[in-house]
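**Student:** One structure coming up, written as C-alpha cells, with questions to follow.
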Amino acid sequence: MNTVITARGVTKRYHDVSAVDSVSFSVRENGIYGLLGRNGAGKTTLMQMVTGQLVASGGELTVFGERPYENAAVLSNICFIKESQRYPDGFKVRHVLDSGRILFPRWDDQLARNLLRDFQLPLGRGVKKLSRGMRSSLGIVIGLASRAPLTLFDEPYLGLDAVARQLFYDRLLADYSEHPRTVLLSTHLIDEVSDLIEHVLLIDRGRILLDEEADTLRGQVLTVTGPSSAIDELTLGAHELYRERMGALARATVRGPLDSSERSRAESLGLDLTTTSLQQLVVSITRSDAQPKETAQ
Amino acid sequence: MNSVLRAMRIELLTWPASLVWCWAILAVSFAVNLALFGIIHNNMTEDPTTGGVASIYLMLSIISSARIAQFFPFTLGLSVTRRAFYAATTLLLLGESLAFGIGLYLLALLERATGGWGMSLHFFQLPFMGWHNAAAQILIYVVPLLVVGAMGTFAAVIFQRWRTNGLFTLMLGTILVLGGVTALVSWRQQWTAIGNWLADQSVVALIAGWPALLAVVLAAGGYLAIRRATA
C-alpha cells in the first residue's frame with residue numbers, strides 16, 4: 001500500500017517553543033485518519049506543514065514522495081479545509097465554487113451543487129454575509145467536492161449544529177466509499193467521529209502519543225474499576241495507561257486484550273471491566289502523559 | 001505555467017468590479033474637471049491643466065495592494081504556490097498597466113482632436129509629458145502605472161510577510177535612504193551635477209525609462225519577500 005505522508009522527526013519551532021516536536025508517522029493511501037489532541041497540541045501546525053503553508057524547522061516531511069513546500073505538483077493533489085480560511089471581499093458562494101473548479105483537478109461540480117443544497121447555501125450570497133456555521137459548511141462543500149487525493153479538515157465543524165455535523169459525516173463516508181482517498185480530520189468531537197475514523201493519531205504538546213488503527217483500539221482498551229490493591233494484582237506487568245484514585249477504590253485504563261483466564265481472575269478479584277471509548281482513551285492517555293501516574297487524583 | 005494561469009483565473013473572478021471602480025473614479029474626476037474649467041476657463045490666461053488623471057494611478061496602486069491582501073491568503077489556503085500566485089499577480093498588473101495606458105493614450109488622442117474638449121483643457125495629456133510617437137507616448141502612460149502598481153504590491157507583500165513591523169521598517173528604511181542620499185548630495189555639493197544630468201535625460205527616459213527599472217527592482221524584492229510569507 002502506498003504511503004501518502006511520511007514524517008521523520010518533523011519539528012516546528014517558534015523561538016524557543018516547539019509547536020511540533022520531532023514527530024514521526026506515516027499516513028497510507030486511502031484511509032480516514034483522525035488527528036486528535038487538545039487545543040494547542042500542534043494539530044494545525046502539523047497540517048500547515050503537510051500542506052506547504054508552513055515550512056518545517058527540522059526533520060523530513062514528504063507528501064506523495066516529495067517535499068510539499070512550494071511544490072505545485074504535490075499541492076494540486078491536496079485540499080486543506082480550515083476554520084480560519086479567508087475569502088476575498090466581494091466573493092460570493094458561487095465564486096468559491098468557481099475557484100474549486102479551477103484549482104482542483106478532480107473537482108466534481110455536481111457533487112458541489114448537491115452539497116450546497118443539502119447544507120442550504122445560496123449561490124448568490126456573499127461569503128462575508130454567511131453565518132459561522134454556513135462558512136464551515138462552505139468549507140466542507142469545497143473539501144468534499146475537491147475529491148483531492150489528500151484532503152485535510154482542520155476542525156471543520158465550528159458553528160455547525162449536530163444535524164449539519166451528521167450530514168458532514170454521512171456525506172464524507174458516502175463519497176469516500178465511492179471515491180476512496182486519504183482524509184486527515186482533526187477534531188475535538190472524538191465520540192462523534194469514532195466510528196468514522198480508521199486510524200488514530202493523537203498529538204499532545206507537539207509529540208505523537210498514539211498512532212494506532214482505530215479497530216485495534218476499540219475493543220482493546222479497558223477500564224478496570226475496583227479496590228486499588230486488586231487492580232495492582234491484575235495489572236501486574238500489563239500496560240497501564242492511566243489511573244484515578246478515589247479512596248481505596250481506583251479506576252485504571254489498561255491496554256488489553258485480556259484473555260478469558262484474566263477476565264475470570266478480574267471477576268474473582270471483584271473488579272469491574274468495561275471497554276473504554278475512544279474519547280475516554282484519548283483523555284486518559286493525554287492526562288497520563290501530562291503527569292506521573294502516582295500523583296493522579 | 002498552468003498553475004500560474006489557474007491562479008490568475010481566480011484573481012479575475014471579481015476583477016470586473018475593480019476595473020469598473022478604477023474607470024468610474026477617473027470618469028467622475030474628469031466630469032468634475034470638465035464642469036469646473038467649463039465655468040472658469042474664459043478668465044484664464046494659460047491653458048487649463050489638471051492632475052485629475054492621477055486618480056487612476058492611485059486606484060491601480062490600491063487595487064494592487066488589495067489584491068495581495070485579499071487573494072494571497074485565499075489562494076495559498078487552496079493549494080496554490082506562492083510562486084504561481086506572485087507570477088499571476090505580476091502578469092495581471094502588467095496587463096492592466098498596458099490596457100489602462102493604451103486607454104489613457106486613446107483619450108489623450110481624443111483630447112487633442114477636440115482641442116482640449118473645446119477649452120484647451122489638459123486632462124489626459126499634461127504639458128510636461130510632451131507629445132511623442134505612439135509607442136513612446138503609450139510607454140509614458142504605462143510605466144508609471146506599472147510603478148505605482150508595483151509599489152502597492154510590494155508594500156502589501158511586506159505586510160503579508162512581516163505585518164505592521166515590516167511596513168514600519170520599510171517606511172523607516174525609505175526615509176533613511178532618501179534622507180541619506182539627499183544629505184550626501186548636499187555635502188558633496190553635487191546638486192548642479194544632478195540637475196545637469198536630469199536636464200540631459202529625455203522626457204521618455206525620465207517618465208518611462210528609469211521608473212521601469214524601479215518597477216523591476218520592486219517586483220524582484222516582492223518575489224523574495226513572498227517566498228516565505230504565510231497567510
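Just so it is clear, glycine is given a Cβ too, placed from its N, Cα and C backbone atoms.
The shown structure was predicted, so the numbers you read here are calculated from the model rather than taken from an experiment.
In case it's useful when we look at the structure, here is the feature table from TrEMBL:
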TRANSMEM  B:12-40  transmembrane segment
TRANSMEM  B:52-72  transmembrane segment
TRANSMEM  B:84-110  transmembrane segment
TRANSMEM  B:138-159  transmembrane segment
TRANSMEM  B:166-187  transmembrane segment
TRANSMEM  B:207-226  transmembrane segment
**Student:** Among the recorded stretches B:52-72, B:138-159, B:166-187, B:207-226, which has the greatest number of Cβ pairs closer than 8 Å to the transmembrane segment (B:84-110)?
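**Tutor:** Out of the listed stretches, B:138-159 contacts the transmembrane segment (B:84-110) most.
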**Student:** Ranking B:52-72, B:138-159, B:166-187, B:207-226 by Cβ pairs under 8 Å to the transmembrane segment (B:12-40), which is first?
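**Tutor:** Selected stretch: B:52-72, with the most Cβ pairs under 8 Å.
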**Student:** Please report, as numbers and ranges, the same-chain residues at least 6 past the borders of the transmembrane segment (B:207-226) whose CB is under 8 Å from any CB of it.
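**Tutor:** Result: 72, 82, 85-86, 90, 129, 136, 139-140, 142-144, 146-147, 150-151, 153-154, 157-158, 160-162, 201.
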**Student:** Taking residues 6+ outside the transmembrane segment (B:52-72), which of them lie with a CB under 8 Å of any CB in it?
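**Tutor:** For the transmembrane segment (B:52-72), the nonlocal Cβ contacts are 10-11, 18, 21-23, 25-26, 29-30, 32-33, 82, 85, 89, 92-93, 96-97, 100, 104, 123-124, 126, 144-145, 148-153, 155-157, 159-160, 226, 229, 231.
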